[in-house]
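Feature list (source: TrEMBL):
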type	residues	note
TRANSMEM	30-51	transmembrane segment
TRANSMEM	72-90	transmembrane segment
TRANSMEM	102-119	transmembrane segment
TRANSMEM	177-195	transmembrane segment
TRANSMEM	226-250	transmembrane segment
TRANSMEM	271-293	transmembrane segment
TRANSMEM	305-323	transmembrane segment
TRANSMEM	335-356	transmembrane segment
TRANSMEM	362-382	transmembrane segment
Amino acid sequence: MCSLCYAELGSALPYAGGEYYHVKRGLGSLPAFIFIWTLILFILPASNAARALTFAEYATQPFYSGCPTPELLKKIVALAVLWVLGIINIKSAKMTTWVQNVFTVLKMLALILIVFCGLRELGGRKEIPGHLKNAFSSPDPNAAQIAESFFQSLYAYGGWSSLNYIAEDIKNPRKNIPLCTITAVSAVIVFYLLVNISYLTVLTPKEIVSSAAVSVTWAVRIIPEVAWIIPVSVAISIFGSLNGDVFVLGRLNYAGSKEGHLPALISMIHVNHLTLAPAAVLSTIIASVFVIPSDLLSLTNYFGFSSWLLIGLTVTSLIVLRFREPDIPRPYKVFLPIAFGVVLVATFLVLAPIIQSPKVQYFYALLFMLSSMIIYFPFVYFKLRIPYFDAITCYLQLLLEVTPTDIFEDPKSQ
């Protein structure tokens with residue numbers, strides 16, 4: 001449902017910045033600033049940190065068979081992969097695209113291997129395993145538990161918005177964005193369902209929940225001789241996904257800077273590589289900060305809670321634009337009750353954990369979003385100038401070897 005709404009927005013308004021631009025167009029400058037403030041300083045860096053920690057978990061697992069990987073080592077590996085990808089994004093957009101294509105293919109091969117092994121194991125049994133039959137038998141969850149399950153599942157399925165961030169770089173976006181979004185989300189759903197069936201063929205739900213690296217536990221049971229292949233494959237998959245997220249975050253920073261919601265330095269490009277170097281550096285630094293004190297589950301709950309609030313804002317802007325700007329060319333139009341349904345679901349997911357099982361972390365997330373107004377009114381609305389800020393910008397411009405994009409065309413893949 002969410003992906004269908006985003007497909008309409010991306011095809012109707014194919015501009016860099018994706019959801020941020022759509023919220024600004026539909027709801028105005030202040031909601032858009034709150035949106036980008038939360039997205040670039042909290043949600044996307046937390047998401048990238050979570051992926052980097054997951055990569056570290058799987059990449060180091062083959063070296064620590066039978067025991068957990070030291071936390072310090074995982075954080076070092078996570079920081080290393082973030083900065084490697086940050087440097088790749090600074091050096092060449094073409095290299096970034098090449099890495100994305102190669103690792104996407106490797107990811108699909110890894111998923112196919114897991115699905116094939118699971119189906120082969122299932123086909124060799126005379127009856128369906130009991131834990132597969134009873135995979136969803138558990139006590140009835142309360143509203144807060146349902147909401148938190150959505151937060152964590154968004155971590156796996158929440159890539160439908162990524163294409164909209166780079167809409168200006170896509171050929172024929174009005175046609176290709178809906179096609180790619182619907183096709184990709186459908187493929188991900190099918191593959192991940194098959195992967196989970198494969199896991200449940202040999203593991204009980206309790207074993208899956210208690211495992212730090214599910215695919216490793218699964219591989220030890222089903223292909224013990226070459227079990228190391230699976231964690232390596234998963235690490236490769238996460239590397240490709242993280243590369244895409246780092247690229248998208250750079251484009252969002254660029255869009256926010258061009259709209260005057262972020263410092264002008266963020267939208268500048270490298271004079272030699274023609275890449276968004278300041279945006280890549282900023283996003284990598286923030287993600288690195290999230291890696292140091294956090295664990296994976298906390299990160300997924302943090303950005304999941306905030307993400308659903310922003311999803312609600314984005315789809316609300318779709319509804320507003322339908323009535324306020326009905327003449328916008330819309331190659332694809334979502335059935336409007338679906339959009340209202342997404343807003344209702346997002347509202348439930350934001351309110352349920354606060355009412356049913358309030359945690360101080362959720363209030364911190366809300367306070368963080370509202371704190372953006374402390375920056376917005378003096379520096380964006382009233383355009384207050386900070387002394388020596390221009391001098392600092394010039395210094396960083398020379399240090400990073402970047403220049404305003406007005407000198408070049410809008411940065412594309414070089």
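In case you wondered, yes, glycine gets a Cβ from its N, Cα and C as well.
Predicted automatically and left uncurated, TrEMBL annotations should be read as such.
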Stretch contact, the transmembrane segment (102-119) with the transmembrane segment (72-90), Cβ-Cβ under 8 Å, 3+ pairs: no
Contact yes or no, the transmembrane segment (226-250) and the transmembrane segment (335-356), 3+ Cβ pairs under 8 Å, gap 6+: no
Region pair the transmembrane segment (305-323) / the transmembrane segment (30-51), three or more CB pairs under 8 Å: yes
For the transmembrane segment (271-293), sequence-distant contacts whose Cβ falls under 8 Å of one of its Cβ atoms, 6 or more beyond its ends: 40-41, 44-46, 48-49, 52-53, 75, 78-79, 82-83, 85-86, 89-93, 246, 249-251, 253-254, 257, 265, 299, 396, 400-403, 408, 411, 414
Surrounding residues of the transmembrane segment (335-356) on its own chain - C-beta under 8 Å, 6+ positions past either end: 1-2, 4-5, 142-144, 146-148, 150-151, 305, 308-309, 311-312, 315-316, 318-319, 322, 362-363
